[in-house]
Structures are given as structure tokens and as C-alpha cells.
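J.: Per TrEMBL, Mg(2+) binding site is recorded for Glu69, Asp86, Leu88, Asp89, Asp214.
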Amino acid sequence: MARSAILNVMVQAAMKAGRSLARDFGEVQNLQVSLKGPGDYVSQADRKAEEIIYTELSRARPGYSFLMEERGAVEGEDDQHRWIVDPLDGTTNFLHGLPIFSISIALERQGQLVAGVIYNPAMDELYTAERGGGAFLNDRRLRVAARSKLSDAVIGTGIPHLGRGHHGNYLVELRNVMGETAGVRRLGSAALDLAYVAAGRMDGFWEEPLSPWDVAAGILMIREAGGFVSDKQGGNNMLENGTIVAGNELIHRALLKTLKKPVTSR
Ligand code: 2AM
Ligand code: CA
Ligand code: CA
Ligand code: CA
């Protein structure tokens, strides 16, 4: 598999930040942690990883704009290109010693997602995708799962956090999905969830509210693996409205339908 120069830049940045996260994961008890809002933690590990990615990407492509979780928006001279970065997706898992977390880096060109990298340093799994070039886990080409029935499907989700989202609505959705599928999983890193859908490890996924850095790389990953991604209305505004539904064509359609239902009888 030949990676383009730009994808290599992204991979190098993700791997370097991944080494920093892996070191910090070995001694989480020593990390300084602060609260950004209710249930919303950030640590030195997040900031260090973000700094590494920012430095690497700025050096390789001076002037590109950024949208990063901790640093926010950074306008570069080049407003045609924008990096969308989550330096540590799954901070809560990370701080609890759960090895389910990832780094997510996406590149937009003229508002279109053109490259994405999701890296889980704990398992040394590197997911990459380029527009028109397919999606890969390490060197293996990815394809979404082929299951066609919701009743055979394992569906990932994220539970809305303390102080965010509509918990009542979510419970209705969860109850309906529980009643129609083979199982529901909640892993705690949306970027990794989306990578797992691309890899066919989960048949589908839905969550809200999410931020652009949680989903940008994952959206491209799933599409390049032959899958379907939309917002909850079936549109393409995932980065703007923070809702996401994904799967293969049939599971995506069935999941959208199930999420619209009122409470079912059982
Ligand atoms: P984070 O770890 O980068 O913050 C899990 O459901 C997803 O929600 C993860 O992508 C996680 O990203 C995000 N998340 C975790 N806590 C959150 C909070 N309090 N507010 C918003 N998003 C959160
Ligand atoms: Ca966070
Ligand atoms: Ca995140
Ligand atoms: Ca994060």
C-alpha cells in the first residue's frame, strides 16, 4: 500500500503523539487533571499529544488552518486546508487505565475530507484513509461488515455525558436499538468506534452530541471502507449538528429508521 506524502505526515504525527500517550498511560496517577465542564476532563497527556501533533503538522505544511479540541481554531494563511484534530479521544477511559482511546487527525481541502488517521497506541492499531484510495488497518484494506439484518447486527453507541445531550430521548433510542439488534456496545472513544465500523468489527454506530474532531477522520474511514454515514436526519451535516449514524448501506438505513421510532412495546 503506497501512502501519499500528506498521509505519511499525518501518520508520523499520530505515531509520535501516540508514543507520548503510551508513556503517560503508564503513569496516569501522576498526571495533572482538570475539569473543563461537568464530567469533562482534560489532562497533561491530552495537551502534550496535541502540542506534538500541532508542531509536526505545522512544520510539514506551514500555513494550514487547524481545529483542535484543546487549542480550538487556529486560522492559517491557507484557508483552503484545515486539520481537524483530537489528540486523545477517550480521555475518561485513559484516566481510568482503560486502554480504549485514540488519536484522530483529519485533513479537509476546500471543505471536503480528503485524508484521515485514527491511531490506538495501546493496541498499536493504525487506521488510515484517503479520499478515493480506500481505508486500511495497518496494511490491510478495510471493508465494512456485510450483515444485512439489524437482528444480526452489533451496534456501537455513546451515552450522552453529564450535562450534555438529552438523556430521556437517548434512552428511548437505546431501548429501541436494544430491542431490534444482536447487541449494543459502548466503548468510550467515538473515533475508535467509527474505525471499528470501517473494519467490520461493529455493524453500525450512533451517537450525539459529538464534536467535529471526534468524527472527521472516522467519517472518511467508513466511506472509504464502503460504508454509509449521515447525521440523524439522513443529511451530511455531521460536523455542524454533532449527530452521527453509520453502517453498511442496509444497516445505516435500518438504524436511521429505528432511531426515529417512538417507544416500542417490548
Ligand atoms: P474525548 O475523550 O476526546 O473528550 C465518547 O462518548 C465520546 O464523547 C468521546 O469521543 C469523548 O471524547 C467525548 N466526550 C467525553 N466526555 C465528554 C464531555 N463531557 N462532553 C463532550 N464530549 C465528551
Ligand atoms: Ca475532551
Ligand atoms: Ca473526542
Ligand atoms: Ca479529546
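Cβ coordinates come from backbone N, Cα and C, glycine included.
I'm curious about the neighbourhood of these features; can you describe it?
T.: Neighbour density for Asp89 (Mg(2+) binding site): within 10 A of its CB lie 30 other CB atoms from the protein chains shown. DSSP gives Asp89 (Mg(2+) binding site) a strand state.
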J.: Judged by the number of other CB atoms within 10 angstroms, which among Glu69, Asp86, Asp214 is the least packed of the binding-site residues?
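T.: Looking at the binding-site residues Glu69, Asp86, Asp214, the Cβ with the fewest others within 10 Å is that of Glu69.
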J.: For Leu88 (Mg(2+) binding site), list the number of other Cβ atoms lying within 10 Å of its Cβ atom.
T.: 31
J.: So which of the binding-site residues Asp86, Leu88, Asp89 sit close to ligand 3, that is, with a CB under 6 Å from an atom of it?
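T.: Asp86, Asp89, by Cβ distance under 6 Å.
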